[in-house]
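Enquirer: The structure that follows is given in the form of structure tokens.
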Amino acid sequence: MNTVRVAFLLVFVLAVSLGQADKDENRMEMQEKTEQGKSYLDFAENLLLQKLEELEAKLLEEDSEESRNSRQKRCIGEGVPCDENDSRCCSGLVCLKPTLHGIWYKSHYCYKK
């Protein structure tokens, strides 16, 4: 029975000592993997950032072109003098001669349709 105890004790000691070595080795492997993972994540993050910046630049460029081409010119509001030939009244307004002609300085004003 002593030989069984000695054999069991020997196996136990070997298992504990080898287990500790594996634990340290595993810890070192995990540290290496996390360091590699961090560098990979940094690379992926930089790549994603570049793509987002390119996309943002493209969108801003489209917006500026769109606003430049479709920008409404300044218009004249209701009750403001306008030129009969070059009517810049806002939408929904028309350049008309007022009914009481002698009161106003100009002869045409923007009125609602």
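In case you wondered, yes, glycine gets a Cβ from its N, Cα and C as well.
Reproduced below are the annotations present in Swiss-Prot:
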SIGNAL    1-21  signal peptide
REGION    61-85  region 'Disordered'
DISULFID  C75-C90  disulfide bond
DISULFID  C82-C95  disulfide bond
DISULFID  C89-C110  disulfide bond
Enquirer: Count the Cβ atoms, other than its own, that fall within 10 Å of the Cβ of C75 (disulfide bond), considering every protein chain shown.
Expert: 15
Enquirer: Could you tell me which of these disulfide-bonded residues, C90, C110, has the fewest other Cβ atoms within 10 Å of its Cβ?
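Expert: Counting other Cβ atoms within 10 Å of each of the disulfide-bonded residues C90, C110 gives the minimum at C90.
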Enquirer: Based on DSSP, name the secondary structure state of C82 (disulfide bond): helix, strand or coil.
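Expert: For C82 (disulfide bond) - judged by DSSP and reduced to three states - the answer is coil.
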Enquirer: For each of the disulfide-bonded residues (C82, C95), count the other CB atoms lying within 10 A of its CB, then report the residue with the highest count.
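Expert: Within the set of disulfide-bonded residues, the most crowded position is C82.
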Enquirer: What is the interatomic distance between the Cα atoms of C95 (disulfide bond) and C110 (disulfide bond), given in whole Å?
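Expert: Approximately 4 Å lies between the Cα of C95 (disulfide bond) and that of C110 (disulfide bond).
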Enquirer: Give the sequence-ordered list of residues that share a chain with C89 (disulfide bond), lie 6 or more positions from it, and have CB atoms under 8 Å from its CB.
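Expert: Once residues fewer than 6 apart are set aside, C89 (disulfide bond) is near C75, I76, C82, C95, C110.
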Enquirer: According to DSSP, which kind of secondary structure is C95 (disulfide bond) found in, if we only use helix, strand and coil?
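Expert: In the DSSP reduction, C95 (disulfide bond) maps to strand.
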